[in-house]
């Protein structure tokens, strides 16, 4: 399954994996998974976190290593995000609920995820997704960006 991913996707997932793997030991624990989920506005129970890990923990050692993470991501990409999930994600980014994601909101979320981005990088992300050129991302643009992965 993971062999259907492009090199670019694998590189992106490696980056995401390192965001989760806070102590850099090459595995994601329930604690690390919980930290990231909470920074995204989710509030999973310990049992839910354990279930998420068990789902992809091929060798049964209680943590997720990178190959297991890749398999999970490949699976997730196959059953592409439901519209509901995309709406939820949009709401997480759209802090003030005005229907747009501003550069400030994007920067805030990325910083929460542990991504220290320069203003240029944030502006570049906005520019890439900002089809109508108004300097912010509306829902349609967000959906296109999410589906383009």
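Even glycines carry a Cβ here, placed using N, Cα and C.
Binding of Ca(2+) 3 is attributed by Swiss-Prot to 94, 96, 98, and the same site annotation extends, among 88, 105, to 105.
Taking a C-beta cut-off of under 8 Å and a sequence gap of six or more, residue 68 (Ca(2+) 2 binding site) has these contacts in its own chain: 56, 57, 58, 59. Look at the domain 'EF-hand 4' (117-149): DSSP puts its residues at 20 helix, 2 strand, 11 coil. A C-beta separation below 8 Å, combined with a sequence spacing of at least six in one chain, links residue 141 (Ca(2+) 4 binding site) to 129, 130, 131, 132. For the recorded site, residue 32 (Ca(2+) 1 binding site), the DSSP three-state label reads helix. The domain 'EF-hand 1' (8-43): residue composition by secondary structure is 23 helix, 2 strand, 11 coil, according to DSSP.
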